[in-house]
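Below is one structure, written out as structure tokens; the observations come after it.
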Amino acid sequence: MGIDKRKNDHIYLASSDLSQVGTALFEEVVLIHNALPEIDFSDIDLSTNFLGAPVKAPFGIGAMTGGTELAGKINAELAKAAEEFGIPMYVGSQRIALVKPEVRWTFEVVKQNAPSIPKIANLGAPQLAQLSEKQLVDWVVQAVDMIDAYAVAVHLNAAQEVVQPEGEPSFRGVLEKLKIVKRAAGRPLIVKEVGNGISKEVAAKLAEVADAIDVGGLGGTSFVAIEGARAADAWLQRRVAETFKYWGIPTAASICEVKSVYRGFVIASGGIRSGLDGARALALGAHFFTMSQPLLKATLEGRLREEIEAVITEVKIAMFLTGVRRPQELAQVPRVYGPRLRAWLEQRGTTC
């Protein structure tokens, strides 16, 4: 199956409920209500920084797509909204545009429609692992130029690759390749998961190279489930995808794991379905959060701006009801954890 067909499959499946698996455990994070907040709602200021760049909210558009005509239209709409709201935006994996230059435009529309916001390039770890240093540097330079990227993300998607019919489960030497990416990019490096989470052991290894870790935890879009749904004629892929679709670290737990060993910038993603979930992620210690599936679905339904406005409003309400004026103050809000998250933290020897 061609990579362009695969990209469109991912769009339709990711926007459907079939791709949504497990729980991110945000329902296990209760922010204590402040009946006497001693602030006005108008006092709340969501502005913050994203790896040093000023942005209007601690919220961004997560990695989604690129490489097909449909993907290009989606990216253009996402970019326009990101520019309007002053929030960062990831693009989807740029590999397709690096091997098929005729589809570069599906990514270039992002810099054309969002000239001033931080844009994040996106490359896959298994592909980088197979490139020579010269080829890798060339890919990084092209990916950055394609969208005028402020930062570069490398996604870790071992679970997806090992169940994907066309997968490339090649991860030997990735850590060394990340160092090359950082040197070649000359800008912040984000290392991210795509729905299975990052443990404290992996975060400790990434500390030497990553300027930011995006936890990409379990509880939202599952690329394992997506690949299983795509594998209509491949019984083995369907079988193993069904077996492993709940594999991973829930996002709330992953934030805590990463924060316990990593002092860099932490981005929460995976199963964040509202501004309240985003506020919970910030309370756990994340500096920023992103959403993908709800925004993809909203784009396809013609209500993207309404969805972004709702998320931003929900974050502000959560801040008002906990009595904080700035996003970073959410980390000081008293909270109670449910039994599943508490048990995870205890067994892993992690506090949050």
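Every residue, even glycine, has its Cβ placed from backbone N, Cα and C.
Listed in Swiss-Prot:
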BINDING   Arg6, Lys7, Ser93, Gln94, Arg95, Gln160  substrate binding site
BINDING   Ala63, Met64, Thr65, Ser93, Asn122, Lys192, Thr221, Gly271, Ile272, Arg273, Ser292, Gln293  FMN binding site
BINDING   Glu161  Mg(2+) binding site
* Other CB atoms, at most 10 A from the CB of Ile272 (FMN binding site) -> 30
* In terms of DSSP three-state secondary structure, what is the assignment for Glu161 (Mg(2+) binding site)? -> helix
* Structure fact -> Sequence-ordered, the binding-site residues among Ala63, Thr65, Glu161, Thr221, Ile272, Ser292 whose CA is within 10 A of the CA of Lys7 (substrate binding site) come to Thr65
* Which residues in the same chain, at least 6 apart in sequence, have a Cβ under 8 Å from the Cβ of Ser93 (substrate binding site)? -> Ala63, Gly66, Asn122, Leu123, Gly124, His155
* Those residues of the chain, 6+ apart, with a Cβ under 8 Å from that of Glu161 (Mg(2+) binding site) -> Pro126, Gly167, Glu168, Pro169, Ser170
* **Residue among binding-site residues Thr65, Thr221, Ser292 with Cα closest to the Cα of Gln94 (substrate binding site)** => Thr65
* Structure fact -> Here the Cα-Cα span from Gln160 (substrate binding site) to Ile272 (FMN binding site), rounded to a whole number of angstrom, reaches 20
* Residues Ala63, Met64, Thr65, Ser93, Asn122, Lys192, Thr221, Gly271, Ile272, Arg273, Ser292, Gln293 binding FMN per the record - widest CA separation, whole Å -> 22
* To do: Do me a favour and check the Cα-Cα span between Arg95 (substrate binding site) and Thr65 (FMN binding site); whole Å is fine.
  => 11
